[in-house]
2 protein chains.
Amino acid sequence: MPPKSPLAPETFPDLPVIAGVRLSAVAAGVKYKNRNDVMLAVLDPGSVVAGVFTRSATRSAPVLDCQAKLAGEGGEGAAILVNSGNSNAFTGRAGDGSVAAICAAVSAATGLPEERVFTASTGVIGVPLPHDRIIAKLDEAVSALSTEAIADAAGAIMTTDTFPKGAFAEVSVGGQTVKIAGIAKGSGMIAPDMATMLVYMFTDAKIGRADLQKIVSEANARTFNNITVDSDTSTSDTLMMGATGASGVDVTGNADFATAVEDVMRDLAHQVVRDGEGATKFVTVTVTGAATDADARTHALSIANSPLVKTAIAGEDPNWGRIVMAVGKSGAAADRDRLTIRFGDVLVAEKGWVAESYAEEQGAAVMKQPEIPINVDIGLGDGSATVWTCDLTHGYITINADYRS
Amino acid sequence: MPPKSPLAPETFPDLPVIAGVRLSAVAAGVKYKNRNDVMLAVLDPGSVVAGVFTRSATRSAPVLDCQAKLAGEGGEGAAILVNSGNSNAFTGRAGDGSVAAICAAVSAATGLPEERVFTASTGVIGVPLPHDRIIAKLDEAVSALSTEAIADAAGAIMTTDTFPKGAFAEVSVGGQTVKIAGIAKGSGMIAPDMATMLVYMFTDAKIGRADLQKIVSEANARTFNNITVDSDTSTSDTLMMGATGASGVDVTGNADFATAVEDVMRDLAHQVVRDGEGATKFVTVTVTGAATDADARTHALSIANSPLVKTAIAGEDPNWGRIVMAVGKSGAAADRDRLTIRFGDVLVAEKGWVAESYAEEQGAAVMKQPEIPINVDIGLGDGSATVWTCDLTHGYITINADYRS
C-alpha cells in the first residue's frame with residue numbers, strides 16, 4: 001500500500017446529509033480482506049438519476065447495464081451498488097450474468113424494480129466477479145442503511161486510492177437551501193473520456209431527469225473530462241448523480257445550482273489528480289490563444305500527457321523545451337514563433353525564443369512548488385482550455401509494475 | 001551516463017564502404033567534453049538526396065532548412081553536417097542565423113553550393129547553438145574525410161544513446177552488387193511521426209531523386225513511423241538518404257533494392273527502440289483483424305504507448321486486462337466480445353473472456369523473455385499493423401527527471 005499522497009487534502013470533508021438518500025458500506029471480501037468493499041445507496045421514490053460513462057469500446061458489463069437503464073424515465077427511486085476489488089470487465093457472458101444476479105438480489109432486498117438498480121465494479125480486469133459474496137452481504141447492507149454513511153461509502157469504493165474523496169456545496173434558491181454531496185474514487189488509469197473513476201453525487205433538489213442530465217454532461221466536459229494522470233482510460237468509468245427532490249426546492253433553470261454541481265465535480269476531479277499514482281505535483285495546464293477551444297484542449301492534453309513533460313516536473317526541472325515539443329506534436333494548429341510560455345506568472349519564452357527577462361532560477365522556483373501552473377498562449381486565436389494533471393515519478397512505476405489491476 | 005542497454009546488439013556491424021561517400025567526426029565541444037560531437041558527410045557530384053522529417057508544428061531551424069533545400073533537384077553532390085549536444089530548436093531568429101552560418105562555412109570548406117549543404121542538430125532545446133565552435137573545426141573535419149569513417153560518424157551523433165547504431169544490406173541487381181549502409185541516433189522522445197532520431201543512409205546505387213524519395217517515404221511509413229518509446233515527438237527528426245550512383249548500377253524500379261532499403265531502415269528503427277531510455281524489453285505489437293490498416297495502427301500505437309501496458313511489461317506481469325483497456329480507449333473500432341489476445345503463441349483471451357486453455361504461468365513465461373510479442377486480433381476485418389516499443393521502467397524516470405534535454 002503506497003503512502004498517502006503528499007497532495008491529499010488534510011481531512012475528509014464533513015459532507016451534509018442529503019434527505020432522501022441512505023447509504024451503507026459492508027465487507028464482502030470480493031478481493032480485499034478486513035475492509036469494506038461494497039457500498040449500497042438507496043434513493044427515495046421520486047428521485048431521478050443522471051449519468052455519464054466511459055466511451056471505451058471495451059466497456060464493462062455494469063457500464064453497459066447502467067447506460068441501458070438510464071435511458072428509461074424512472075422516478076420510482078433507485079439503488080446503487082458498487083464493489084471494489086474486481087471490475088467485472090472483460091469477463092464475457094459471465095460478467096453479464098453477475099450484473100443480472102446482483103441486480104435481482106438488490107431488487108429483492110430493497111423492493112425496487114430491477115430496472116432501477118445500478119451497479120459498478122472497480123478493480124482487476126478479466127477475473128470473474130464472485131458475486132455470491134456480494135449477494136450474501138445484501139441483507140446486512142440494507143439493514144445498515146443510514147443517511148449518515150456517505151464517508152463510509154467513500155472508503156468502500158477505494159482501490160489504489162490513498163485517501164477517500166468527498167466534496168459538497170450548498171446553494172440558496174429563492175431563500176431556500178439545496179445541498180449537493182459527492183464522493184469519488186480513482187487514482188490510476190485516469191484520462192478522458194472520462195477520467196477513470198467512480199463518482200456518485202446526490203442532491204435534495206427537485207429537478208427533471210433530462211435537466212439534471214444536461215447539467216451533469218456539461219459540467220463533466222469541463223471537469224472530469226479535462227483531467228489526466230497517465231492518459232489511460234478505464235473500461236468502467238462511471239459518474240451518476242441522483243436528485244431526490246426531498247427539499248421541495250425546484251432548481252430547474254437555476255444557474256447557481258448548475259454552477260454548484262460543476263464546483264463539486266471540479267473539486268472531486270482535482271482530488272482524483274491529487275491522488276494520481278505516485279504524484280508529487282499538482283499541475284494546471286492552461287492553454288489560451290488557440291485557433292479553437294478544441295485545439296486548446298488538444299494542446300493542453302498533449303502537454304499534460306507527455307512523459308517527458310511529466311518527468312521534468314517530477315525532477316523540478318523548468319524544461320520549457322519539452323512543452324514546445326508537446327505543443328508541436330499535438331496535431332492542433334501552432335506556430336513556433338508565436339508561442340508564449342509562462343510558469344505561473346514567470347514569462348519563460350515568447351516569439352520562438354527564450355524571454356529576455358527570463359532567468360532559470362525563476363522557473364526553478366516555480367517548479368519547487370507542490371502546485372504548478374503552466375500557461376501557454378498559442379498566439380493564433382481565442383480558443384482556451386484548462387487541464388489538470390500530475391507528475392510522472394518512480395512511484396508510478398513501482399505501483400504499476402507490481403500491482404495487478 | 002546510463003549503462004549500455006541490455007537489449008543492445010553485441011557489436012557495431014562492419015558497415016561496407018559506400019563509394020562516393022566520405023565521412024569524418026570531430027570534437028567541437030558544443031556541449032559534451034572529450035568526445036566527437038560533429039559529423040560531416042560529403043557525397044560526390046552526381047549524388048541525389050531524399051529525406052523525411054518530423055511533422056511537428058514546432059520543428060527546428062535545421063529541419064525547415066533541409067525541407068526547403070530538398071525541394072530542389074540537386075545532382076551536384078551534397079554535404080551533411082550534424083552536431084550533437086544542442087538541437088538548435090526553439091532558438092528564434094538566432095537559430096536560423098546559426099543554420100545559415102554553418103551552411104555558408106561548410107560551402108566554403110567543401111566547395112559545394114550552400115543549397116546542397118544539409119544540417120541537423122540534436123540535444124538540448126531552446127539554447128542558442130554555439131555555431132562558432134563547429135565552424136572552427138570545419139577545416140579539420142574536411143581534412144579528415146574518409147570512406148572508412150562511418151562508425152566514427154555514428155558515435156559523433158549520439159546523445160543519450162547507450163550504443164551507436166548501424167545497419168547495412170547488399171543487393172544483387174542484374175548480376176552486379178549495390179550496397180546500402182545507414183547510421184542512426186535516438187533513444188528518447190521517440191514516437192511517430194517520425195521516431196525522434198537522426199538517420200543517415202547511403203548507397204552507391206544509381207537512381208533518380210524522385211524514385212529514391214518514394215522508396216524512402218514508403219519504407220518510413222512501415223518502419224520509423226511505427227516505433228514508439230514514450231509517445232513524445234522530437235522537433236528535429238530527420239532521415240536522409242543519399243545515392244551516389246558510383247556503382248553504375250541503375251536500381252530504378254528494382255523491388256529488391258526497395259526491400260533492402262526498408263530492411264536497413266527497420267533494423268535501425270529496432271535499434272532505436274532497443275536503446276529506448278530505460279528499456280529492458282523489446283516489444284512487438286501486431287494487430288490483425290481490424291476494420292482497416294489505419295485502425296490496426298491506431299490500436300497498436302494505443303497499446304504500445306499505454307503507460308499501464310508498458311509498466312506491466314516492465315514488471316513481467318502478463319496483464320492482458322490492460323491491453324483490453326488500451327484497445328478500448330484507442331478510438332478505433334473494436335468489439336469487446338470479438339477480441340483475441342496472444343502473448344507470443346499463447347492464447348490468452350478470446351470472445352470477451354479469458355481463454356479456457358490459458359494458465360497464468362504460460363503468460364508469465366512469455367513476459368520473462370527479453371523480446372515480447374503481443375498479438376491482438378480485433379475480429380472485425382482485414383486491417384493489420386505492426387508497431388515496436390519498449391517497456392516503461394524506473395530507468396526512464398531516472399534519465400528524464402534529471403537529464404536536461
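Residue numbering: from 1, along the chain as shown.
Quick reminder: no glycine exception, Cβ is built from N, Cα and C everywhere.
Those TrEMBL annotations? Automatic predictions, nothing curated.
Annotation source TrEMBL lists active site, nucleophile at B:Thr196. Annotation comment: TrEMBL describes B:Thr159, B:Lys185, B:Thr196, B:Glu277, B:Asn400, B:Ser405 as substrate binding site.
In sequence order, the binding-site residues near chain A, meaning those of B:Thr159, B:Lys185, B:Glu277, B:Asn400 whose CB lies under 8 Å from a CB of that chain, are B:Asn400. Reduced to three states, the DSSP call for B:Lys185 (substrate binding site) is strand. When other Cβ atoms within 10 Å of the Cβ of B:Glu277 (substrate binding site) are tallied across all protein chains shown, the result is 29. Applying an 8 A CB threshold to same-chain residues 6+ apart, the list for B:Lys185 (substrate binding site) reads B:Ser84, B:Thr122, B:Ala154, B:Ile157, B:Met158, B:Thr159, B:Asp161, B:Pro164, B:Lys165, B:Met197, B:Leu198. Counting other C-beta atoms within 10 Å of each candidate's C-beta, the binding-site residues B:Thr159, B:Asn400 are led by B:Asn400. Look at B:Glu277 (substrate binding site): DSSP puts it in coil.
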